[in-house]
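Peer 1: For reference, the structure I am asking about is given below.
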């Protein structure tokens, strides 16, 4: 692990990302537009928007990081650059760290814009501070990155990588309490929900929504998401092989 | 420059012993062994599918091997001390299509602590100076190969392994690249270059002829012609294959 190589790698990935203007615009604008749409749909029920809009603020960066990481890493794997990097002094953790920094910057920019739009223009209200929402969103996005890194090992084409979205992302969206309260789900579904990390991101957001002060319950939930991100990163790094067949 | 460049008998840079590689349950390399001298250009020749790329990947340490040993500069292939000293140019240019030529070479240079001006020098050396700001995706096949080569040259490796680096290149550029390979070897670097075209074989100090996962020759071009009684290497290769088939 070399900090210098990690930052060089992050710089290269950011340069690639910035070279693709259309993707940059999509990353920065789409979440704000979607949250604005939800706000318009729920115009008559600001309370509902307060909870749904808030959850989406953390969910979008998670989903985006999952998507762009799984596709870009798949490109590294199939384009031969990963094999090349594995013959250079680049360590596996340098590469993963580079992705985390570069896409973390992208997720932070996206969240900053979406959160500003939601708080300033769409009337989103939370009892707790906005920085806590920001923090939860960034940690959820790092979990998305790690998950994307991991599943990229199981796709051989970009088409397959896209198909992993409904498998790894959508169930977390459906079961996290966004579309249906968790305590009204069947017991076994609650069990599944308890095992999905995004559930804890949503719990943490709920803490911020109802409590003016930062609660220890929120830190606990954030820690669960962070731990899940670390486990997924370790699993993902293990899929980066120096020797292949 | 490697310390052994001035020694009277060149040291061994690459030692392969009884290397066996299977892929998809099929043997690709059947117990191959060879020694490659430091400061030489060795040609790895054979038809496509003969196992050239697998052999090369075993040398740079990215290929899973079943048995046998591969040592490069005295270290097991692919181990950490070698990652600063061995460069690998893959057959399909392994560069980032969404970065410019310069950004690609500067990135690989930076991984080794080399500067942007050194990257520019490497770009000039492969004749890509006029295209430095083009996106790699918009380059022709030969230009991509040269960019990929520049990414390896910039680190001034002691061992340079090239998988079919001259496919599809302009004859003039091919000539220039071979001159560069010779110069690098003269400076003490060890080069292993695979090719499926025989007319490049004469530019090598030594040839490894690979067929169906075995070396059918490991000799200098001159000795190979002499021992087979043929005028050119294409004929020598054919001769060896016929001999083998007769023996079976």
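Cβ coordinates come from backbone N, Cα and C, glycine included.
Note that the structure is predicted; figures quoted are calculated from it, not measured.
Here's the feature list from TrEMBL:
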DOMAIN    A:18-243  domain 'ABC transmembrane type-2'
TRANSMEM  A:23-42  transmembrane segment
TRANSMEM  A:54-74  transmembrane segment
TRANSMEM  A:95-122  transmembrane segment
TRANSMEM  A:128-154  transmembrane segment
TRANSMEM  A:161-180  transmembrane segment
TRANSMEM  A:222-240  transmembrane segment
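Are these features on the surface or tucked inside, and what touches them?
Peer 2: Cβ atoms under 8 Å from those of the transmembrane segment (A:23-42) belong to residues 17, 48-49, 52-53, 56-57, 60-61, 64, 68, 106, 109-111, 113-114, 117-118, 121-124 of the same chain, restricted to positions at least 6 beyond its ends.
Within its own chain, the transmembrane segment (A:95-122) is flanked in space by residues 1, 5-14, 17, 27-29, 31-32, 35-36, 39, 49, 53-54, 57, 60-61, 64-65, 68-69, 72-73, 82, 85, 130, 133-134, 137-138, 141-142, 144-146, 149, 233, 236-237, 240, which lie at least six positions past its ends and keep a Cβ under 8 Å from the stretch.
Residues 52, 55-56, 59, 62-63, 66-67, 70-71, 74, 144, 147, 151-152, 154-155, 189, 192-193, 196-199, 201-203, 206 of the same chain lie 6 or more positions beyond the ends of the transmembrane segment (A:161-180) yet place their CB under 8 Å from a CB of it.
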